[in-house]
Amino acid sequence: MARKQDDLGVLVGLAADLMRCAGRALRPWRPEKPYLRARTISHLAWVGADSLAIVSVIAACVGIILSLQAAIQLEKVGAMSYVANLVGFSLVTELGPLLTCLILSGRAGAAFTAEIATMRISEEIDALAVMGIDPVRFLVWPKFVAMAVMAPLLTLWADAVGITAGGIFSSLALGLSGKVYFNQIAYFLGFKDLLSGLVKSAGFGVAITVISCWQGFLAREGAADVGRRTTAAVVQSIFVMILLDLFFTALNYIFR
């Protein structure tokens with residue numbers, strides 16, 4: 001029980017430190033140090049650009065799958081023109097944010113945990129503190145910014161790729177007019193739907209970063225604990241993402 005309380009204390013302390021870092025970032029008269037800017041840019045590139053390929057492939061496959069499944073059902077009632085509605089709405093509001101951040105959880109979140117856990121066990125984090133460098137500001141804040149920025153941008157890209165792939169497949173394999181498909185998308189989807197998906201993905205990205213870094217700071221028992229903490233970070237991130245998805249969807253329904 002005492003250990004669980006200590007673990008929660010680490011989480012609360014991490015959240016407080018991140019809020020402090022956010023407060024510093026909002027003061028333009030006190031710019032970030034060059035090495036912190038460099039780390040942030042490096043993480044932005046690694047989380048964003050380096051994830052484009054896998055996000056694109058999965059989004060394209062999901063768009064095609066949704067088109068095919070929608071066509072199978074809608075053909076029974078003679079409503080094939082509504083394939084675009086189902087594909088667009090499903091991707092933009094649910095599958096786009098969720099699948100993109102699931103990829104980021106396994107790719108970036110696991111790497112965050114492993115990095116911090118290894119540094120924790122080898123006492124590199126203690127060395128940073130001795131040198132007067134804030135470990136949270138140096139290690140966690142660049143990751144936090146990268147995920148909060150890149151998760152929505154990657155989601156937007158995944159939405160575009162998935163919808164386009166679904167449209168191409170519908171045109172070539174299902175005989176639907178591409179013009180009708182994209183007109184339906186433009187007519188049916190609103191800005192609120194797009195904003196809902198982007199807010200979800202930003203929330204997922206923040207949750208992944210906090211949980212992954214928290215688990216990294218909890219590493220104590222040698223190299224074997226790195227694997228345990230990494231697994232725990234991915235599992236907990238997915239669980240929290242599903243809960244957040246439920247919460248955001250409920251809010252969207254209430255304020256529809």
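Heads up, the Cβ atoms here are built off N, Cα and C, so glycines get one too.
Here is what TrEMBL records for this protein:
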- 45-66: transmembrane segment (TRANSMEM)
- 138-157: transmembrane segment (TRANSMEM)
- 163-182: transmembrane segment (TRANSMEM)
- 194-217: transmembrane segment (TRANSMEM)
- 237-255: transmembrane segment (TRANSMEM)
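Sequence-distant contacts of the transmembrane segment (45-66), counting only residues of its own chain at least 6 positions beyond either end whose CB sits under 8 Å from a CB of the stretch, comprise 86-87, 90-91, 95-96, 99-100, 103-104, 107-108, 143, 146-147, 149-150, 153-154, 157-159, 161-166, 169. With a threshold of 8 Å between CB atoms, the same-chain residues lying at least 6 positions outside the transmembrane segment (138-157) that come near it are 14, 17-18, 21, 25, 36, 39-40, 42-44, 46-48, 51-52, 55-56, 59, 96-97, 100-101, 104, 108, 112, 115-116, 119, 125, 128, 197-198, 200-202, 204-206, 208-210, 212-213.
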